[in-house]
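Q: Structure below; questions to follow.
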Amino acid sequence: MNLKRRCVRLSCLAAVAALVVAACAPAQDMTVAPADAAPPDEPEGKVTFLSAENLSGDWDPFDHTILAQDRLQRAAYETLVRVDEDGAFQPGLALTWENVAPTTWRLGLREGVTFHDGSPMTAEDVKASIEYVSSPEVAWSLAFPRPFTAEVVDEHTVDIHTGEPFAPMPGLLATGAAGVVAPSELIEAGTLDEKFVGTGPYRWVSYESEAKGVHLTVNEDYWGETPKIKDYVFRYVGDSQTRLAALRSGQADIIDRVEPHQVADVESDPRLAITRTPTVESKWLAFRAAKAPMDDPLLRQAIAHAINVPQIVDVVLQGSGTVNTSYFSPSHELHSDSPTFPTYDPERARDLLAEAGYPGGEGLRTLDLMVSVGFYPMTKEYGEVIVQNLADVGIDVKLTTLETARYNQGLFDPEMGDLYDHGWFLGSYDANSVMMSLFGNALVTSVNDPEVDAALAAQMAALDGAERQRLVDERLMPALNESMLEFPMFTSELITAYSRNVRDLEVPPTSYHRIEDAFLAK
Amino acid sequence: MLRSIARRVGQTVVVLLGVATLVFFALRLIPGDPARVIAPTSSPEVQAEVRRSLGLDQPLGVQYLTYLQDLVTGDLGTSYFFDGSTLGLVGDALPYTLYLVVTALALGLLVSLPLGALAARHRRAVTDRAVLGFSIVAQSTPNFLIALLGITVLASALSLPTVGYVGPVSLVLPSIALAVSLVGLLTQSVRNNLVTTLDGSLTEALRSRGASVWQIILRHGARLSAVSITNLLGVQLGFLLGGAVVIEYIFNYPGLGLLTLNAVLRRDYPLIQAITITTALVFVLLNLVIDLSHGYLDPRMRPARGRPARAPRPAATAVTAAGSAA
Amino acid sequence: MSADVDTTAATVPPRAAAGTAAPRQHPLVRWWRRQSALLLTGYAVVLATAALAFVVPLVATEDAGRVDPGRAYLPPLSDGHLLGTDQIGRDLLLRVADGLRVSLLISGSAVAAAICIGLLVGLVAGYYGGAVETVLMRLTDVQMALPFIVLAVMILSIAEPSYVSLTLVLCLAVWPAYARAVRSSTRLEKDANYVQGIKILGGSNLRVLRKYLLPAALAPLAVLAVLDVAALILFEATLGFLGIGSPPDAPSLGSIMADGKQFITSAWWISVIPGLVTFAAILGINLVGVALRERKGRS
């Protein structure tokens, strides 16, 4: 028997078949529906969101620090308080919140809400959730100053005891997973990590693999308005070019973190739409201050002055972002320009470097700068600019790039590098959670500064708004500038591209897009 | 015959054991603590617990023996990053890579067999030189260059998917990118094999009986060069798997290549182990099958009774080298 | 051995077959006429890429890695930047030249090292046979059983990225082929009558190995080596493309391309030019290699 000829015949067949399939495959339906298309009556269609950041693969809503997962779980879990487009607090699972005593906040809960497993949401669940999330071994405790306790008043009323007076409570309850409510039975049983069981408009279907992503479908028993999109798929694709290509070929409907230089491409495609959102997220340069030589604040200040942030924003990021003038982002409440905030000044950097005992960089070892790739726009590029900027004042730096999942883990390792570039996106207009996590809890630097801690505590306890503003401006900012444990270089812009058939999609500065408000036009 | 097969199988087991040992020690010699990678923010107690659950607190020798024991029972551990057993992850990814590799191989043969035959038929003529020139150009083109050009030029024009796997249509661009350099290597090899056959005394005999050159190529040359071709394919499979890593990365294609890259970038030790051992297994088994099939394909290769035979490696050693490099 | 001479002596007249050619022709012309078009094209491409790699840095007026975002995205043929600049204003010509030089040197050294290891292993295995041969051959089996990229990716992600580790990994990729080739030629030669004769006349093993078996083993490696350099350039570019291998601040053809690929619609040259240069370098060497292989096959 002539095996080879048979092989050849088979292989020819296979190849021809592949090509025929390719040729006959229906071109993706990429026609754009008319502009005035109305939302459907019944939920229908499927929307695929491509995230720039990986998911943890572990579905406990409280025990991760991944923004992408936070954004995803917002479709399945709800928070006690919500923020609307104007930054105002709106009822979520809590209808009322009130400071009944200096250290007690009383929440009145929404009635008639059930979890996806059918059990009703009660004060017990809120108590279990808030006590769980604020306990130190859970990741989202990062936003809490200390463990909170809760007390069930009646089935739909709960008191939260904060230990010390705590002004930013509504902001905290609207931020990330801090105000999420999960079923108390699952918290006690330790089975939260298996799948999402929330009260939100979408419920869990499956997660088979990273490549297939998380699949959610509409929750028919939702207490609010039923969403108009039936299925919601959320996948991690760690490369911006790949994400854009997928959007163009119709494989995805919404893509995350479009890079500035891709904007023109998207805009030239009549099938695609784009939104550019100024966020509440700063890009930080964290200093690993627990070890030499980064334990020297003068060296850290020298580095902050040496980096040409305006050039990075204007040229490398093509204007996609805002140069920071304070430790708060411009869209944060209580933001004002801080006069002592470091600006680009190489001369000052050289002086500070000499003052730190390294004239012209002499005696200073090579520093390691770590950046992620594929996640935030242009990180490798501006990492290289930072290397050049620092070389110009005499500081020798080596750049290392990290894959996103690896970067997300290395972030909290105080041994990892000397300078660590990271974003810190807590979806709230109140900057307190950011300050609390990065400085109070010192998640990244693992070093606390006593003056910063005292200033933080003071402004948190200030229940009067004007007094809080004064404490931020006059105590917190100078302490942060002086200690320079992390340097907030600029506030990033979130560019989201999507098919024009996805209507009513809004991406607010908190990044929490509401898929339940969008619909697919036909 | 049986003895030689047993011997070959025995060798295969030794090779696999070698691979497993190599992988084990390579990973243990890495500076850095896997416990820190798994639970970076946790307390020292939690990390100690992680280390204990991984068996990393045991002496190296004990770890090695446990590892071999697990290996024999087919337990390759659980991934640090992904849910589920590593073997399951590899099992999920492997078919996708096989689709890709087989399609690329089929495309490669589809182009290179006729081209090689054409060149052999018209050897030293302009056609032969043109085919050779083309094949060298194809062989020299980096597959990622083709992939990028494919995405940029072809994908939106033809509405071809460029991300992941949505159906056979997802194979088009990646397999073309993978097939191009293969076409170069295969064409040359087919041509050279056929030329050797045509130069032999068999051809002279057949020619004297009035057979045309094309008839000889189709009826006899093909059969006689089947050994070299299958041998080459065994080697090319490694080459294709290598190429698949880059191609899968570019197209975010859910195969073994992407899994490998992710596992390595995330320092997912158990997964790296599982991938390396499984690919080595597939690879070694394929080569075993190819070696054993030689006797079937070409009676001259059958071992004389009682004497173990090793099939000679293909004459085109340069191609072997290129394959092993990828 | 003639193939060996020719690979290294593109401009040196070979020992021409004196007297057979027309007496008035210059030796260079005679040499030229004897080469195939394939080989000449190959030499030309190799010379051009070598010039890019080794001459450009000599005449450069600035450091190849100079970052200057103020002059980013300049297209080719801009003032002072023949091939344009990249996304953060580095000169692309200098960067590509640097990447190519590194690539050529690394691939070349890796092949040279592979030949040395291959000779050592192959000669010992082929000449002494027995247990030594079995162990060595199983070792190469183990090595050949691993799809190499998996091993390379694994090692390079573990090791501190440096040119040395990269060279070693590339060498690891190719040495078994040399060991096998040397072993088989040694096995053939050692049974040859003349070797047996020398041994009977009292020649030591070392002398036999050095004077007879080594040269015999070397000859067939030349073509393999040339083609392997090309394969390793591609492999090095692949690793660079995946973002592993060379130190991150050092340019590699693959990494320049990978970094530039996201700008392919807005600034195609950043990724396409290094891609084409990689292609040209591999093409030139492959042309030479294949042409030499052909000539050997014919003679």
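Using the three backbone atoms N, Cα and C, a Cβ is placed for every residue, glycine included.
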Q: Suppose you had to name the range TrEMBL annotates as region 'Disordered'; which of C:1-21, C:22-42, C:85-105, C:232-252 would you pick?
A: C:1-21
Q: Does the structure show the transmembrane segment (C:212-235) and the transmembrane segment (C:102-128) touching, where I'm treating 3 or more Cβ pairs under 8 angstroms (sequence separation 6 or more) as a contact?
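A: In contact, yes.
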Q: For the transmembrane segment (C:102-128), what are the same-chain contacts with Cβ under 8 Å, counting residues 6+ beyond its ends?
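A: Result: 49-50, 53, 136-137, 139-140, 163, 166-168, 170-171, 173-187, 190, 205, 208-209, 213-214, 217-218, 221, 225, 228-229, 232-233, 236-237, 246, 250-253, 278, 281.
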Q: How about long-range neighbours of the transmembrane segment (C:135-156): same chain, 6 or more residues beyond its ends, C-beta under 8 Å?
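A: Here the qualifying positions are 121, 124-125, 165-166, 169-170, 172-173, 175-176, 179-180, 183, 235, 238-239, 242, 244-245.
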